[in-house]
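Pulled from TrEMBL:
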DOMAIN    B:114-327  domain 'ABC transmembrane type-1'
REGION    B:1-22  region 'Disordered'
TRANSMEM  B:32-54  transmembrane segment
TRANSMEM  B:110-136  transmembrane segment
TRANSMEM  B:148-168  transmembrane segment
TRANSMEM  B:201-221  transmembrane segment
TRANSMEM  B:257-279  transmembrane segment
TRANSMEM  B:306-327  transmembrane segment
Amino acid sequence: MSRVKRPGRSRRSPVMSFLLHGTLILASLIAIGPIAWVLLSSLKPGYAIQSSELTLFRDTTLANYSYVLTGTNFPRWFLNSVIVAAFTMAIGIFFSATTGYAVSRFNFPGRRPLMMVFLVTQMFPVAILIVPIYTIMARLGLINTMPALIIAYLTIAVPFCAWMLKGYFDSIPTSLDEAAALDGCGPFATFWKVVLPLAKPAVAVTAFYTFLTAWGEVAYASAFIQTDNRFTLAYGLQQFVPQFNPQWEYLTAAAVLVTLPAGLVFFFAQKHLVSGLTAGGTKG
Amino acid sequence: MTTVTADPAPPSTPPGRSARPSRLRRSWEKHWYAWAMVLPVVIVLAVLIFYPLFRGIWLSFTNLNEANQVAEICTKSITGSEVCKENPNKWEFVGLDNYLRVLTGEVGEFWQWTGVTLIWTFVCVACHFGLGLGLATMLNRPMRLRGLYRVLLVLPWAVPAFVSAFAWKFIFNERFGLANAVLSAVGIDPVSWFADRWTSLFTAIVTNVWLGVPFMMVALLGGMQTIPSELYEAAEIDGASAWQRFRNITLPGLRPVSMTVILLGTIWTFNMFPIIFLVTEGQPAGQSEILVTGAFRAAFEGIRNYSLASTYGVLILSILLVFSVFYRRALRKQGEVW
């Protein structure tokens, strides 16, 4: 991305350049500010967080972290979350890719309705329809199990991801498919060996999106999971928010710990975000 | 995938009815792999989305709630055997009662919540799109540190929604929050954010804008990179100013992407549950509640009222469906095929 069109730079006046960088620096500060503030606060003891005095560091300590890590079932919740998010990610990528590919390449009966259905699924007020879904999960015997969460998260993530991947597949020339077909590849082999490797950026974004959906979700987790050793991280850490007396010092530490793995996945996916999200990058 | 092994159509079809089966069969032979590829998704969506939807529509015409859901009440007698008799207050079909009660304001504040939802959705989506477009335009120019800016600006996207809700609630805390500390540092009296309807809504909007801009920015940036650079070069040779190039090349080039992200953004914001639920909690006195959170509290606080929840669900879905139909129609009128 950074190697396109160099000559533009020389023509920018110093004032414009100052304004441009100034705006972007300000925007970046706003973007990372809240995260940084929570991070700084998590290193303070409780009384320092609750004082109205504005300080960056005060009595720096890791006590909040050690409490969250040892005083709760944290390692177990972390493992649960990793399992749920990893399965959601793997299955989600597979299903959205096959669906996106079919919708992009084959003009089969039912194609347009399916695209509309994907849009309509996004309109569902999850918070309100959670009860009928709970009933179904109960009937399938999936309450308090991880598959319940994985399936529920897939219904949130897959329609959007399939939609997005369809856009990306559209930008890959069909001549490649035809060439592969001439070489004797069936439709599945063409998809698997030719098109999917070319769609790496979009797959990276799908991975990021599905992971994040599963990682940060609380509503389904609180409805479907009942025992402490099956909690996901996001839900487990909610326990620090009692209605009237939130334990801010532990909450800040917990927030940082929840965000870190998501940040890690983001770090690997971010290179592809721009080209992958939009039906764009003619280069792929 | 198991559909692959489905047995072939019987070779002898009765005469006279052969036209349809053979068309079906040809269609099957031509499209089976496309169907096989979408089948798993269709099944999951049918079970977990459409079954609940139709059940929800049906429930919205009944008075089912937590207290009257069982058909029989069983009581243990002294001898240990269970005696069951029919529940006298068993749930029943009530027609349009739920809708009447919701729309006349007998339960909940449907019209107030709808008003807040419309303001919330409009302001959030306008800010998302405006800021996203502005930042994307800046990031689309060649400059130093571009990669770094982009990573930093996309970062909020990686933060789970409930964590950002918590972070901003922490910042807007009335006693020790960063916002009030900054305000008093520049000599302005601290604000009790959640005591007034508009400041309360303001905190939620700030949170949601912060959370949602990266997605818009990334989508629009991707859209900008598909616009051929020859167009800009030609415009420059013709002496078009930067503003003219933006208006006449960038904006039209972004149309397809913009239309999709605005529609999706509107739908997502309309139903954005965690931000309002966790940041404002409807304070003060439910005045900053949007439809989904208001409905959730109305239906699930106290005795869980499943039929009422379904009624709200159907109403919300209808509003969004009507909106997207008009949106698409408006686009089609302008010659946009999407």
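Note: Cβ is positioned from N, Cα and C throughout, glycine not excepted.
Residues 117, 120-121, 124-125, 128-129, 161-162, 165-166, 168-169, 172, 203-204, 207-208, 211-212, 215-216, 219-220, 222-223, 288-293, 296, 316, 319-320, 323-324, 327, 331, 336, 338 of the same chain lie 6 or more positions beyond the ends of the transmembrane segment (B:257-279) yet place their CB under 8 Å from a CB of it. Counting only same-chain residues 6+ beyond the ends of the transmembrane segment (B:148-168), those with a CB under 8 A from a CB of the stretch are 135, 139, 203, 206-207, 210-211, 213-215, 217-218, 221, 274-275, 278-279. Taking every listed stretch (B:32-54, B:110-136, B:306-327) in turn, the largest tally of C-beta pairs under 8 A with the transmembrane segment (B:201-221) is reached by B:110-136. Note on the transmembrane segment (B:306-327): residues 53, 55-57, 59-66, 69, 91, 94, 98-99, 102, 107-108, 110, 114, 263, 266-267, 270-271, 291-292, 295-296, 298-300 of its chain, located 6 or more positions outside it, place their CB under 8 angstroms from a CB of the stretch.
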